[in-house]
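Notes follow once the structure below has been shown.
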Amino acid sequence: MNCYLILTVALLLTSAMTGTTTAGQLNTKGVTLREDDRTFPCSSGLCACLPLDSYSYICLSPSSSTANCENDECISEDDW
C-alpha cells in the first residue's frame with residue numbers, strides 16, 4: 001500500500017476523531033473557514049443573507065425578499 005495513502009487516511013481519521021476541520025469546511029456559523037466572518041461578504045450597497053438551506057451567505061439587494069433568509073433578515077454592512 002502506498003505510504004501517501006496511509007498518511008492521508010491517518011490524517012483524515014485524526015481530524016474526524018478530534019473534531020477539527022480543514023480549510024473550506026464549515027464552522028458553526030455557516031461561514032466557511034476560508035471566509036473571515038469579520039469581513040462583510042458582499043459588495044457595498046448589498047446585504048448578506050444566510051439561506052435556510054445553505055451554509056454560505058448570498059448577497060441581495062436591500063429591497064429583496066428575506067423570506068428564505070435565516071431569521072428572515074438580510075444583514076447590511078453597517079450591521080455586520
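Any Cβ shown, glycine's included, is placed from N, Cα and C.
Keep in mind that this is a model prediction, so the values were computed, not measured.
According to Swiss-Prot, the signal peptide annotation covers 1-23, on the basis of sequence analysis.
According to its DSSP assignment, Cys59 (disulfide bond) is in a strand. Of all Cβ atoms in the shown protein chains, 15 besides its own fall within 10 Å of the Cβ of Cys59 (disulfide bond). Residues or ranges marked as disulfide bond by Swiss-Prot: Cys42-Cys59 (among others).
Under 8 Å, Cβ to Cβ, and six or more positions away along its own chain, Cys47 (disulfide bond) finds Cys59, Leu60, Ser61, Pro62, Ser64, Cys74, Ile75, Ser76, Glu77. The feature disulfide bond is assigned by Swiss-Prot to Cys47-Cys69 (among others).
Following the DSSP three-state reduction, the secondary structure of Cys74 (disulfide bond) is coil. Per Swiss-Prot, disulfide bond is recorded for Cys49-Cys74 (among others).
Around the Cβ of Cys74 (disulfide bond), 24 further Cβ atoms fall within 10 Å across all displayed protein chains.
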